[in-house]
Amino acid sequence: MDQGNYSRVAEFVLLGLCSSWKLQYFFFVLFNFLYIAIVLGNLLIVLTVISEPALHTPMYIMLGNLSVLDVFLATYATPKMIHDFIYESKTISFEGCMAQIFLLHVFAGGEMVLLVAMAYDRYVAICKPLHYTTIMNLYKCTGLVVGSWVIGIMHSLSQLAFTINLPFCGPNIVDSYYCDLTLVIKLACTDTYVPELLMLLDSGLMGVTSFLLLLISYTVILITVQHHSSVGRAKARSILTAHITVVTLFFGPCIFIYAWPFSNFPVDKVLSVFSTVFTPILNPIIYTLRNKEVKSAMHKLKTRYVSYRLLSHLSLTRLIC
C-alpha cells in the first residue's frame, strides 16, 4: 500500500483480559492489591539496600536495581489495565501504544541483562572467591547496572524504529490488555513479513543470548560447588535456588510466547500477566525469604523506624506538656 495515501489511526482498542463484568470487578480488586504489593515490596528492598551499609555490595546493589526494574515493569501497563476493568471504553492513543511498546522492551530487556550480570556476580563469588573483591569492584558493578539500562534502551529503540512508521489505517483492535508488539504489527496496512522477521530476530537474539549465558553460568557454578564443603554447598545451592527460580519465572513465559510470536492463544494473556504482575511480586518474596542478610537488614530498618516514631512521639508529648 502507498504510505502517502492513508489516514493513521488515532487510537487502538484493547479487548482486555475478559468480557465478563463480574470478572472484571473481581480483577479490579485483585490487581489493585497486587500492584500495591509490588510497589511496596520492591521499594522496601530498595530502601533496605540503600539504608544498610552492609548491603552496599555488588550482589545487593544489583538486587536493588532488579527491584526498581520490577516496579517499572509492573507499571508500564498494569495501572492502565486496572483502569480499564471499570470502564467500558478500553482505548489507548497511538502515542500511548507506542510508549507502552517502548517501555516494555526497555524494562524487560534491561532485566534480562541484569539477571545475566547477577549470574556473573555469583559465578565470581563462588568460583573465584579469593579474587571476588578485585573482579567485582564498585566500578564494574556500576558498569554492569548502567549497561543493563543502556542495552534495554537500545533494544527497545531498535524495536520501535521499524514499528512507529508502519501505516496503521485500521483495523485498530488489539486482543490484549496492553499494546503487544506482535499483535500491533499485524494491524499495519501493508505486508508485515519484514517487520515481523526483524522483531523476531531482535527479541530472539536478546532472549536466547541472555538465556544461554545464564544457563552456562549456572551450570559452571553447580559443577564448581560439588568440590566445596557441605556447608559451602548448602549456602551456594540456597543462593542459586533463588536465582534460578527468578530466571525460570521470567524467561518461562517469554519463551512460550515468542515460540509462536504471531499467533494469539488465550494462554498468552495469562503468561503476559504472569510476567508483568506475578513475577515482580514474587521476586522480592523469593530473595527476602531465602536471604538472611536482607531479612536482618529489614529488621534493623524496622527497629530504627519504631525507635524514630517513639522519639517523635515523646518529643511531641513534652512540647504539649
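Just so you know, glycine gets a Cβ as well, placed from its N, Cα and C.
Between the listed ranges 170-189, 270-289, TrEMBL ties the annotation transmembrane segment to 270-289. Relative to the transmembrane segment (205-225), the listed stretch 98-120 leads the set 25-47, 59-78, 98-120, 141-162, 270-289 in CB pairs under 8 A.
Outside the transmembrane segment (141-162), and at least 6 residues removed from its termini, the chain residues within Cβ reach (under 8 Å) are 58, 61-62, 65, 98, 101-114, 117, 120-121, 181, 194-195, 198-199, 202-203, 206. Same-chain residues lying 6+ beyond the ends of the transmembrane segment (237-258) with a Cβ under 8 Å from its Cβ atoms: 108, 111-112, 115, 118-119, 122, 182, 200, 203-204, 207, 210-211, 214, 218, 221-222, 225, 267-268, 271-272, 274-275, 278-279, 282-283, 286-287, 290-291. Non-local neighbours of the transmembrane segment (98-120) in the same chain are 59, 62-63, 65-66, 69-70, 72-73, 76-77, 80, 92, 144-145, 147-149, 151-153, 155-157, 159-160, 163-164, 178-179, 181, 184, 203, 206-207, 210, 213-214, 217-218, 243, 246-247, 250, 254, 275; each lies 6+ residues outside the stretch with a CB under 8 Å from one of its CB atoms.
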